[in-house]
Amino acid sequence: MADIRWDALWTHVHLATLAADADGYGEIRDGAIAVRDGRIAWLGARADLPAGARAEREHDGGGAWLTPGLIDCHTHLVHAGNRSNEFEARLNGVPYEHIARAGGGILSTVRATRAASEDALAQASLPRLNALRAEGVTTVEIKSGYGLDLETERRMLRVARRFGQTLRVRVRTTFLGAHAVPPEFAGRADDYIGHLCADVLPALAAEGLVDAVDAFCETIGFSPAQTARMFDAAQALGLPVKLHAEQLSDQGGAALVARYGGLSADHLECLTDAGVAAMAEAGTVAVLLPGAFYCLRETRLPPLQALRQAGVPMAVSTDCNPGTSPLSSLLLAMNMACTLFRLTPLEALTGATRHAAAALGLAGTCGVLAPGCVADFALWRIDRPADLAYAMGLNPCAGVVKDGAPAR
């Protein structure tokens with residue numbers, strides 16, 4: 001038999017492949033995984049390693065569990081400013097409406113972000129990203145949406161791109177100009193959407209800063225008609241879409257984004273049966289955001305059983321943002337998804353890997369351990385995969401591999 005040459009080989013590891021055709025976690029006890037050119041070349045039981053196989057670098061996992069690298073598929077982690085004062089005020093009985101009228105809320109983050117330089121934005125945001133990376137996250141989505149003007153949206157997306165180019169993490173950028181109406185367009189939401197579609201999005205897309213387009217479709221955000229205009233502009237530029245949908249009320253957003261073949265609909269506490277059916281038909285991923293549910297002390301759960309029965313993939317993410325989910329731990333988000341939403345640990349881990357990849361248009365690229373996929377994985381000092389969604393306040397991550405090379 002001809003020699004088989006690999007760049008790297010990990011042995012003495014237990015694999016949780018999370019492959020779609022696997023039973024449960026896709027466990028392979030006492031396994032091995034080989035990498036060539038940044039991709040998985042082989043995996044299986046260590047006893048089944050091909051005869052004559054050789055690797056330039058061999059790593060002994062010491063009995064660790066090895067999973068796909070985690071994927072945080074919905075974050076707003078690039079921003080300036082701090083809103084802990086609002087958190088304190090709300091807990092002291094001040095209504096959010098009073099806070100907003102006094103200049104707080106999302107527009108306070110917009111002011112702080114507009115005032116920050118690109119370097120200052122990067123410096124403020126890096127600790128949030130590094131907290132995720134320390135927990136085995138190898139892919140992260142980062143949205144704009146705290147600039148609401150061309151120059152600040154550009155700065156936010158440039159920071160996100162910089163992180164992807166300079167750190168061992170894959171970054172997918174999402175343009176969220178339709179997040180709120182900025183002060184200069186107060187009372188003129190239609191005009192603002194027109195400005196985004198005609199001026200801002202085309203300019204940012206031309207600079208290669210946008211991987212997808214999102215909007216906040218809600219009574220306090222943008223109407224379905226305004227959202228559809230945003231999606232039309234995105235599709236004209238060849239960009240996929242996703243949506244903040246049905247968080248506070250049923251606006252038909254899930255069915256709308258499904259009609260556009262959207263990657264995901266996110267939040268979904270007020271999702272209807274019609275929305276579930278539309279998502280199932282389109283293959284749109286349901287992104288669950290238990291951090292926002294927790295911080296807002298919501299009581300209405302997304303229709304988890306209906307999503308399960310319809311076969312809608314469910315992803316789990318942090319929704320890291322300064323106002324409603326200041327959460328930089330995907331492991332804690334997984335625990336919240338189990339505790340608050342009653343996901344199983346398997347559903348939570350699959351939601352932070354394979355289904356999160358699909359929510360970013362990366363299905364078949366990452367999120368599973370399979371030959372041909374990028375070699376992004378994490379090693380864990382745990383007894384079984386369910387521990388990742390079980391324990392709180394501990395970080396059992398023993399190592400991270402990005403594109404086949406150790407990343408920490």
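Backbone N, Cα and C atoms are what each Cβ position is placed from, and that goes for glycine too.
Features as listed in Swiss-Prot:
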type	residues	note
BINDING	His74, His76, His244, Asp319	Zn(2+) binding site
BINDING	His74, His76, His244, Asp319	Fe(3+) binding site
BINDING	Arg83, Tyr146, His179, Gln247, Thr324	4-imidazolone-5-propanoate binding site
BINDING	Tyr146, Asn321, Gly323	N-formimidoyl-L-glutamate binding site
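Annotated features taken from Swiss-Prot, shown on the structure.
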residue	record	Cβ within 10 Å
His74	Zn(2+) binding site	32
His76	Zn(2+) binding site	27
Arg83	4-imidazolone-5-propanoate binding site	21
Tyr146	4-imidazolone-5-propanoate binding site	30
His179	4-imidazolone-5-propanoate binding site	24
His244	Zn(2+) binding site	31
Gln247	4-imidazolone-5-propanoate binding site	26
Asp319	Zn(2+) binding site	27
Gly323	N-formimidoyl-L-glutamate binding site	20
Thr324	4-imidazolone-5-propanoate binding site	20
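Close to Arg83 (4-imidazolone-5-propanoate binding site), meaning Cα to Cα within 10 A, are the following binding-site residues out of His76, Asp319, Gly323: Gly323. The 10 Å shell around the Cβ of Asn321 (N-formimidoyl-L-glutamate binding site) contains 25 further Cβ atoms across the protein chains shown.
Between the alpha carbons (Cα) of His179 (4-imidazolone-5-propanoate binding site) and Asn321 (N-formimidoyl-L-glutamate binding site) lies a span of roughly 13 Å.
Highlighted in sequence order, Thr75, Lys143, Asp266, His267, Leu289, Ala292, Ser317, Cys320, Asn321, Ser325 have their Cβ within 8 Å of the centre of the Cβ atoms of His74, His76, His244, Asp319, the residues recorded for Zn(2+), and are not part of that set. The separation of Thr324 (4-imidazolone-5-propanoate binding site) from His244 (Zn(2+) binding site), Cα to Cα, is 13 Å. Asn321 (N-formimidoyl-L-glutamate binding site) sits 15 Å from Gln247 (4-imidazolone-5-propanoate binding site), taking the C-alpha atoms as the reference points. Cα of His76 (Zn(2+) binding site) to Cα of Gly323 (N-formimidoyl-L-glutamate binding site): a distance of 10 Å.
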